[in-house]
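Per TrEMBL, these features apply:
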type	residues	note
REGION	28-72	region 'Disordered'
REGION	227-247	region 'Disordered'
REPEAT	69-102	repeat 'TPR'
REPEAT	356-389	repeat 'TPR'
REPEAT	431-464	repeat 'TPR'
REPEAT	500-533	repeat 'TPR'
TRANSMEM	6-24	transmembrane segment
Amino acid sequence: FPRWQLALLVGTPIVLGVGAVYLWKRNKTKNTPGKSNGERTTPEGSANPVQGQEGARCEQEDMSPLDRAQGAKNKGNKYFKAGKYEQAIHCYTEAIGLCPRENQTDLSTFYQNRAAAYEQQMKWPEVVQDCTQAVVINPRYIKALFRRAKALERLDNKKECLEDVTAVCILESFQNQQSMLLADKVLKLLGKEKAKDQYKNRDLLMPSPQFIKSYFSSFTDDIISQPLQKGEKKDEDKDNEGEAAEVTESSGYLKAKQYMEEENYDKIISECTKEVESEGRYTAEALLLRATFYLLIGNATGAQPDLDRVINMEDANVKLRANALIKRGSMYMQQQQPMMSTQDFNMAAEIDTRNADVYHHRGQLKILLDQVEEAVGDFDECILLRPDSALAQAQKCFALYRQAYTGNSQSQVQTAMDGFEDITRRFPKCAEGYALYAQALTDQQQFGKADEMYNKCIDLEPDNATTYVHKGLLQLQWKQDLDLGLDLISKAIEIDNKCDFAYETMGTIEVQRGNLEKAIDMFNKAINLAKSEMEMAHLYSLCDAAYAQTEVARKYGLKPPTL
């Protein structure tokens, strides 16, 4: 499920889902009409000439230089309002020339106004140049910073655009939706650009054993994840060089299965390749197992041909083909191709109607697509086929809870909470049930009981790093205990140094503490562990947001509030 619970951190909204890690100002005041969402397209100052000077020449000798400059500016404003931008530019230029250098505020306004006229003519380099002059004079000039940010975006200078709009967001205390949306847009574009290049060239890393075991535990009808059958296993009573050794040497797939049981995962792909190249008895199984581990290390390019082959083997075991469709469908979803993903899940349901895994994983897909009613239907079908599937029952309950929570239906929320109570009572050894219940309890601010649920998760799965991260976030929101929260997240990293979620969360917290260099280090560690290009893009967005804040602090001395 999406990491929506991070937005609850310390009760302070964080722009996480869109890729930013800025801290919003606590106790935000309501936006004032025309201020927070208004377009910054008009010049500053009155659109009318100075009182008593209408029709007079701007350089009248009986006026001071500043008055003459203001008169030129006001005349320029009048031209601007009339859409006569070239004449407006001429007047603003005259104002800049007339303005005494010691009148810095006025001078910065004249440059900003001329930039506004250039903006209407889509002369982006001139906009940047004039806004820069205004910002040099007045480093906290919001209008000039934002106008320059928009021009830099047009010039495809995303890095400097992000720095400018970050400064604007901080100066406006994150109250202006227009600047927040530009920051969001630029962060997403930067993240996608960097991930597109980096993901192809990254080092392929095997996830932790805990992650791999959790992944396979989500399947119940998966032949390749089942233990070796009797007769396939090595017979411990026989000589190590006897019959059993001959069997494993002649079958790369069976050897790979042994390595799975031994948690020696790095050797599985090569053994499966031996089976495939020899066209052995277990070719279909080897293709599927190899594809699965390609997916686990994030090599979708390697996985897809193997999955395609298994899916097209009409004489292969139907459960192998259905499992390959589930995994290819999940891969398509990671690649943001929901239509192709849905097609694969539907095909899996057609060829293996009684495969509980199909409905379970399709239900998860429907949750991601915000099709909750259809998701519940799939979970029900899974439960009908496997009444003992605690995971499906817990996820169904969570789906109903999210629907009720987002729909603001308190009665349905309570029904879902009662459902969690029933599930944890009937399936006391299902760690996922406690974890999902804890997230719902946190939503409802029942922090003490949520903490109890996380403790039960840890009792059942002491090596599950993700639970420690969630528990750490709970301490931050519940008790504002920063030290305990960070200790628990550090414990998660100690348990599993490949837990990208822990690094990402640690980085997010460090941003809020003002420790930007450490935050960037945490985000970079998470980037190296990203399991998909989409996830890597999100992490780059977080990292870029933190880096932009370091640059804004260096250039302008601006920092957002910290914990």
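Note that the numbers count up from 1, one per residue, in the order the chain is shown.
For all residues, glycine too, the Cβ spot is worked out from N, Cα and C.
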Residues in the repeat 'TPR' (69-102) per DSSP class, helix first, strand next, coil last, are 27 helix, 0 strand, 7 coil
Averaged over the repeat 'TPR' (500-533), the pLDDT of the predicted model comes to 93
Sequence-distant contacts of the repeat 'TPR' (431-464), meaning Cβ under 8 Å and at least 6 residues beyond its ends, amount to 5, 8, 210, 214, 390-391, 393-395, 397-398, 401, 405, 413, 416-417, 420-421, 423-424, 470-471, 474, 477-479, 495-496
For the repeat 'TPR' (500-533), the DSSP residue counts stand at 28 helix, 0 strand, 6 coil
